[in-house]
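Presented below is the structure to which this report refers.
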Amino acid sequence: MANRQQPSPMPTAKYRGYDQVDIADRTWPNQRITTAPRWLSTDLRDGNQALIDPMSPVRKRAMFDLLVKMGYKEIEVGFPASGQTDFDFVRSIIEEPGAIPDDVTISVLTQAREDLIERTVESLKGARRATVHLYNATAPVFRRVVFRGSRDDIKQIAVDGTRLVMEYAEKLLGPETEFGYQYSPEIFTDTELDFALEVCEAVMDTYQPGPGREIILNLPATVERSTPSTHADRFEWMGRNLSRREHVCLSVHPHNDRGTAVAAAELALMAGADRIEGCLFGQGERTGNVDLVTLGMNLFSQGVDPQIDFSDIDEIRRTWEYCNQMEVHPRHPYVGDLVYTSFSGSHQDAIKKGFDAMEADAAARGVTVDDIEWAVPYLPIDPKDVGRSYEAVIRVNSQSGKGGIAYVLKNDHSLDLPRRMQIEFSKLIQAKTDAEGGEITPTAIWDVFQDEYLPNPDNPWGRIQVANGQTTTDRDGVDTLTVDATVDGAETTLVGSGNGPISAFFHALQGVGIDVRLLDYQEHTMSEGASAQAASYIECAIGDKVLWGIGIDANTTRASLKAVVSAVNRATR
């Protein structure tokens, strides 16, 4: 059938296509990725510089600690010569004992100016492992428009910068620092391949890589300009033509201007790249850097260990959202609120049958479901492997962006809300922000939470307030609860029996006309030690309403009763 599309009015003549690479015997299409690459996170540099409101020192530290916890061994921590804030952050993590694990290398970026190089190297004094990353733009438009220099002029910038890095490293860094060097011909994707090779060779001639003296050559798609296949061709060509290849770590740094950064990174690995630089969830300039989470989880979904821990993907997201003051899209691969949810009835039916088939297969083999190969329609991985459950995600299939609120409550107030309670509370915050506009501060979030869930002794509300209670257990294991209470303003004593204090309290509430059914109950300690308090969360059906309540007390039984009162009072508020 003929293509009926018509020419558009857009000025396509303004643009030219990308250059093809003359490499007829390319080998990368026949390769497979069977091991994880070296990873470098540049969230604290490339990611941070792209934020409207760059991270505060506290948020930077939270991001650094997250990256370390996840298992990243190379972390670009800033551009210390760009300002005092970045310099001070680098110094703070170096000077704090134990902040940087012994097997983690920090990296810092610099341009090829002597004053900047000196300041950059100075920031690394005392570091156990450190890399200086020097870059200069090499593409024709930069040579012509920005620097107004020849090829030789641009190459000399790279050579002189490399020499200065070596000199200042020898002058300022002691023997306790395991020093590394990285060079990037910025705008590699727009640079002629022969010139990119010429510059890299000149840099290596200066640095003299060899046994025990690696050089990292990073070939950035500073702006993504071609298909991933052409990007792979460029990497294979460079890998074939670089001298001293055995002493070179060939690194890829894709951006997502064409929306294919993940594919470009994966094909570059197939073409011989050793290392990938990127950011969690694709944060970065313009359309972002390549997404390290998607790359790692793509490996995981193919049975390849990414050597990064994504087992609590929502905790990673909460911290990321707090640090970046941004939200992860609900359709973001592997982590978005909707990615394990199917709205189509036929999809849901296929998923259910897939679960049933796996359970039957596991039973027939005499093993658990976790011991057999994952095979469920529409679910590329088992959501449980990243801390999710299919049922829980279904409950939030129209929600997004709740991680930041949960992060504030957990980190500021030690409250780890159950997932469904997060959803319930986030609706209250959303209503407040819709009504008032603008940002909502952590203090305001806590004020809303207290007013909604926790009793205010200065301004009590709700049908019920409880005071002292006592539980006894008979020989049959039945608990009887007696509790002093105020119901509708009148003091009374409530008495009920059941299988445990909560069941007994539900029975007692029936005596004052309140019918409560338990749907879910969770609890955790908020701290350690003799004065530790417990937080109890209870989901109740009260009439035709389903609501959560919370109770906080040093005694877990009292905390659970307070949680019931919280839910009941909310239902009648």
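The backbone N, Cα and C atoms fix where each Cβ goes, glycine too.
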Have a look through ASP43, ASP46, ASP53, ASP488 and flag the one Swiss-Prot assigns to the Mg(2+) site that HIS253, HIS255, ASN289 belong to.
-> ASP46
For the region 'Regulatory domain' (456-573), the DSSP residue counts stand at 26 helix, 56 strand, 36 coil
Translate the DSSP assignment of HIS255 (Mg(2+) binding site) into the three-state scheme.
-> strand
Counting only residues outside ASP46, HIS253, HIS255, ASN289 in the same chain, those with C-beta within 8 angstroms of the Mg(2+) site's C-beta centroid are THR42, PRO220, ALA221, THR222, PRO254, ALA261, GLU277, GLY278, CYS279, GLY284, GLU285, GLY288, VAL290
Determine the mean pLDDT over the domain 'Pyruvate carboxyltransferase' (37-314), rounding to the nearest whole number.
-> 98
Reduced to three states, what secondary structure does DSSP give ASP46 (Mg(2+) binding site)?
-> helix
What count of other C-beta atoms do you get within 10 angstroms of the C-beta of ASN289 (Mg(2+) binding site), across all chains shown?
-> 30
Using the structure shown, find which entry in HIS253, HIS255 (the binding-site residues) has the sparsest Cβ neighbourhood within 10 Å.
-> HIS255
For ASP46 (Mg(2+) binding site), what is the tally of other C-beta atoms lying within 10 angstroms of its C-beta?
-> 23
